[in-house]
Amino acid sequence: MARVSLLLASFVSLAVASPAFKTFITQETIPSAPEGFANLGPAAADAVMNLRMALPSKDAAGLHAALLDVSDPKSANYGKHLSKDEANAFLAPSADAVSAVQEWLSSKGLVGKVSAGTGDWLSVSVNVSTANELLSAKYETFQHIESGKTYNRALSYSLPSEVASLIDHIHPTVVFNNPLSLGPVLSAPGLVSDATPSSCATTITPACLQSLYDIPKTKVTAAAGNSIAVSGFIDQYANSADLKSFLTKFRTDMSSSTTFTLQTLDGGSNPQSASQAGVEADLDVQYTIGVATGVPVSFVSVGDNWEDGDLEGFLDIVNFLSDEDDIPPVMTTSYGENESDMTKTLAFKLCDAYAAFGARGVSVIFASGDGGVSGSQSASCSKYKPTFPSGCPFLTSVGSVHGISPETASTFSSGGFSNYWGIPDYQADAAAAFLTAQGTKNSGLFNASGRGFPDVAAQGENVQIVSGGSTGGVDGTSCAAPIFASVISLINNDLIAAGQSPLGFLNPWLYANADALNDVTAGSNPGCSKSGFAAVSGWDPVTGLGTPDYNKLRAAAGL
C-alpha cells in the first residue's frame, strides 16, 4: 500500500510539473481599432497567417552600456567596436525562453522557426481558427478606409502563464500600422522638367553642398570596407538611367557610369523602367553617390514579405546587413512614421537592434520627418507628435534647413521629444539648455523629459534630382539624411585608410563637438495649429546641433 501511494504521489508530481498551458494572462489589449479603420466582422477561419513572436533579449542594458563605451570619445574603449558574435550575444534570447515557447507551440502540434541573426524571433504559420485558440483571441478583419487595404487583427490576446513573460509581442495582433504613414519623408511638389538652378540660395545641387559644407570634390580612393547602405522600402526603385543623367548634369567631373550595387531581401527588387523610378530612391542614391565622391553605395531594396511583422522590414534590413562579414559603416534611411503608431515594446526592439548595429561600428542615420511638430507628415493634433524611429537614442536623426547666409530651419522639419525614451546622457546638457531658454512656451504639449530630436540637419528644400527622366526639385528631411550620411562616409574613408575605426554611433561624438557644426538659429517647425519649436543658439528640436562642416568634423575625428 505504501509503495502504491509513493507511485501515485510521483504521478501527481509529474502532472503538476508538466506545463498545462491552461491559465491565460492578457498580454496586450486595445479598446478599438484606431481612427480610419472599419471592422468588417470575424476573420475567415481558414485564412492563413504567419505569427511572429518577439522574444526578450538577455541583456539589452548591457548592450546599451557597451555601445556607449565604444562611442564616447572620453572612453578608453572609444572605437573598439564589437564583433558580430559579441553584439548578438546581448540581444539573443535565453535558451530556456526559446525552449519554453517551443514546448508551448509543440503542445499544439506546431514548431516555431527561429530567425537568423540574434534568434530573438520565432514564426509559425497557422490559420485564424488555430490562432484564436492559441492566443485566446478573436481575430477580425479590418479595412483601412483611405487605402482600402484589409488586415486580420485582434483587439486583445492572451498567453499561457508559463510563457507570458517570455514573449514581448506577437504579430499580427493589436498593432494597426497606417499603410500610408510608412513612406518617403518627402513633401515636394511634382517634379518640374529641366529646372535650371539659379543660385544655391533657392536651388540645391551637389556643387552647392560642396561649397556650403566644404565637402571635397575630388574622388577618394575607396578604403577597404567603407560604403554607404541606402535603405529602400515600399516599392521605391533606384533607376540607373536617372543616376547617369543626374551625374551628367550635376557632376560633370565624375564618370557618368558610376553606379550602385543592389541588395535585396524580403522579396525586394529594383526594376528599371522609367515609369517605376522612385523619387525617394533616386534622391537617396544620387545624393550619396553624387556627394560622397568615390565611396561605394549599395541600394538595399526591402520587399513586402517581412519577417519582422509590424516593424515592416526596418528590423529585417538590420538583421540582413548584420549577417554580412563587412557591414556598411553608414546606413541612411528616409522613411518613418509616428511614434504612436508603434507599440513601445516593438519600438524598443528595433531601437536595440540599432544599438547593436552601432556597437559594431555603423552610423545609423534617419530623416526626422516632414510634419513639423505634428509628426512624420502634417496632420491635425492636440499635442506634439514625436516620430519613429527618430526618438530612438541610438541613431542620428537629421532635420532640414534651407537658404544660405544664414541657413534657416525648414518649417516641415520634424522635431520634438520622445514619449518612449528618456533624455540620454550625451544629450542631457544640450536639452536642458534648450528647455531652460524656452521657458513655459509649448508647456504641456510635449514630454520635457524625453529624448530630443533631430540631432543634426542639412539642406532639404528644392534639392535637384532626376527621376523618371525628368529633372526637378524635391523637399524633405529625406534630402538631408543622405547628404549628412555622405559627409560621415567621407570622414570614415580617411579614418579607415589611416588604419582607424569608422565613427560608428555618432551622437556622443557629435554632442561633444558641437562647434564642428554650423549652428542654425532662424526658423521654426509649426504644427498642431501651434508655433512649434524655434531654432535657437545651441541644440534645438528643429535643426539639432546644426549642419555639417566637413573640415571641422574631420578635425574633430582626429584627422
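Just so you know, the numbers here start at 1 and follow the chain as drawn.
Cβ coordinates come from backbone N, Cα and C, glycine included.
No curator has checked TrEMBL annotations; they are predicted automatically.
Annotated features, as they stand in TrEMBL:
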SIGNAL    1-17  signal peptide
DOMAIN    203-559  domain 'Peptidase S53'
ACT_SITE  GLU280  active site, charge relay system
ACT_SITE  ASP284  active site, charge relay system
ACT_SITE  SER478  active site, charge relay system
BINDING   ASP519, VAL520, GLY538, ASP540  Ca(2+) binding site
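Everything TrEMBL records as a feature, shown here on the structure.
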residue: ASP284; record: active site, charge relay system; Cβ contacts under 8 Å, 6 or more apart: VAL230, SER231, GLY232, ALA238, PHE299, THR332, SER334, SER478, ALA481, PRO482
residue: ASP519; record: Ca(2+) binding site; Cβ contacts under 8 Å, 6 or more apart: SER537, GLY538, LEU545, GLY546
residue: VAL520; record: Ca(2+) binding site; Cβ contacts under 8 Å, 6 or more apart: VAL401, PRO406, GLU407, THR408, ALA409, ALA457, ALA535, ASP540, VAL542, THR543, GLY546, THR547
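Same-chain neighbours of the Ca(2+) site beyond ASP519, VAL520, GLY538, ASP540, judged by a C-beta within 8 angstroms of the site's C-beta center, are, in sequence order, THR521, ALA535, VAL536, SER537, TRP539, THR543, GLY544, LEU545, GLY546. Between the listed recorded positions, namely GLU280, SER478, GLY538, ASP540, the fewest other CB atoms within 10 angstroms of a CB are found at GLY538.
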